[in-house]
Amino acid sequence: MAKDIVILGIETSCDETAAGVVKNGKEVLSNVIYSQINVHKKYGGVVPEIASRKHIEAISFVVEEALNEAKLSLDEVDAIAATYGPGLVGPLLVGLSYGKALAYAKGKPFIGVNHIDGHIAANYIGGNLTPPFVCLVASGGHSHIVYVKDYGEYEVMGKTLDDAAGEAFDKVARALGLGYPGGPAIEKAAKLGNMEAIEFPKSFMEEGNFDFSFSGVKTAVLNYLNRQKQKGEEVNIYDVAASFQRNIVEVLVKKLVEAARFKNVSKVSIAGGVASNGFLRQKLEEDAKKFGLSVYYPEKIYCTDNGAMIAAAAYYDFVKGKFSGMDLNAIPYLKIGESDC
């Protein structure tokens with residue numbers, strides 16, 4: 001019987017200090033997340049310098065807690081992995097440096113993981129999804145449609161050319177006075193509104209174009225709010241939230257389903273913070289069913305940034321013998337499919 005492979009994964013690319021221990025790429029032994037949301041909320045977004053300092057304060061405790069929950073010592077871990085990009089350079093350096101230091105001190109293999117690869121790998125946790133499939137990765141910093149040929153082998157079919165989906169959620173939520181983070185705030189408000197109330201524009205909707213542009217709909221919402229204010233008319237923020245959410249979700253789902261049909265695959269998945277949106281999941285299930293597509297998505301705890309997804313992604317590098325050197329540096333604008341290991 002093959003030996004179990006246990007990997008410690010560390011994630012600090014933005015404002016979550018996270019560590020998780022995963023066995024064989026699927027079984028989560030622990031997943032500890034220290035969120036900085038309450039710290040950044042008053043600024044309406046993540047402040048990189050503050051995020052870096054908070055990561056430094058929390059990283060050792062979070063890693064120790066992850067090992068304790070897994071009931072393992074560092075000596076019992078087969079490899080250590082950490083995100084090295086994309087993300088904010090200061091936060092990335094905290095987790096990357098800590099992970100490399102642990103690996104060096106214990107003589108363990110080290111694996112640098114692409115953050116987007118981690119989000120895709122979250123779909124493997126506790127489930128039976130196997131490549132090939134098409135995955136939508138949508139979060140505050142990323143919006144990609146990725147054809148997953150095999151574990152760790154990708155073709156980017158489309159990406160955002162300006163604002164990411166989650167970024168648009170944050171900016172519109174701020175304009176509506178709904179607070180930060182915008183995704184959950186918009187989703188909550190949308191449940192009280194009429195999604196057909198306002199028709200906002202959609203970009204790049206022609207067939208075969210899998211790229212995104214969300215700056216247009218964001219600007220359209222801001223212009224609508226300004227016009228209503230100038231006319232002295234009351235704004236129904238719930239209708240605006242619902243109409244905006246419908247716009248974003250319809251674009252995401254249309255392009256994902258179309259990309260899957262283009263690649264002639266029978267499976268689609270979603271990942272990233274936006275993947276926890278209930279309306280997105282509902283709409284995808286409905287549209288995918290029309291074309292006989294199976295839908296997969298991670299548990300919501302694995303949609304946000306977490307260490308378990310980094311450990312899961314690293315497992316597939318481990319079995320291929322693909323390790324990183326101690327000279328691996330943070331790459332803030334790392335693209336999926338690129339490797340600097």
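We number each residue from 1, going along the chain as drawn.
Positions of Cβ are set from backbone N, Cα and C atoms, glycine also.
Among the candidates Asp287, Asp305, Asp317, the residue that Swiss-Prot names alongside His115, His119 for the Fe cation site is Asp305. Within Asn24, Asn31, Asn38, Asn277, the residue that Swiss-Prot lists together with Val137, Ala138, Ser139, Gly140, Gly141, Asp170, Gly183 for binding substrate is Asn277.
Note: the CA-CA distance between Ser139 (substrate binding site) and Asp305 (Fe cation binding site) rounds to 9 Å. For Asp305 (Fe cation binding site), applying a Cβ distance below 8 Å and a minimum sequence separation of six or more within one chain yields Glu11, Ser13, Cys14, Glu16, Ala18, Ile33, His115, Gly273.
Taking Cβ-Cβ distances under 8 Å and a sequence gap of 6 or more within the same chain, the neighbours of Gly140 (substrate binding site) are Cys14, Ala164, Gly166, Glu167, Phe169, Asp170, Pro181, Gly183, Gly273. Shown are the binding-site residues His115, His119; of these, the residue with the fewest other Cβ atoms within 10 Å is His115. Around Asp170 (substrate binding site), taking its Cβ as the centre, 25 other Cβ atoms fall within 10 Å, counting all chains.
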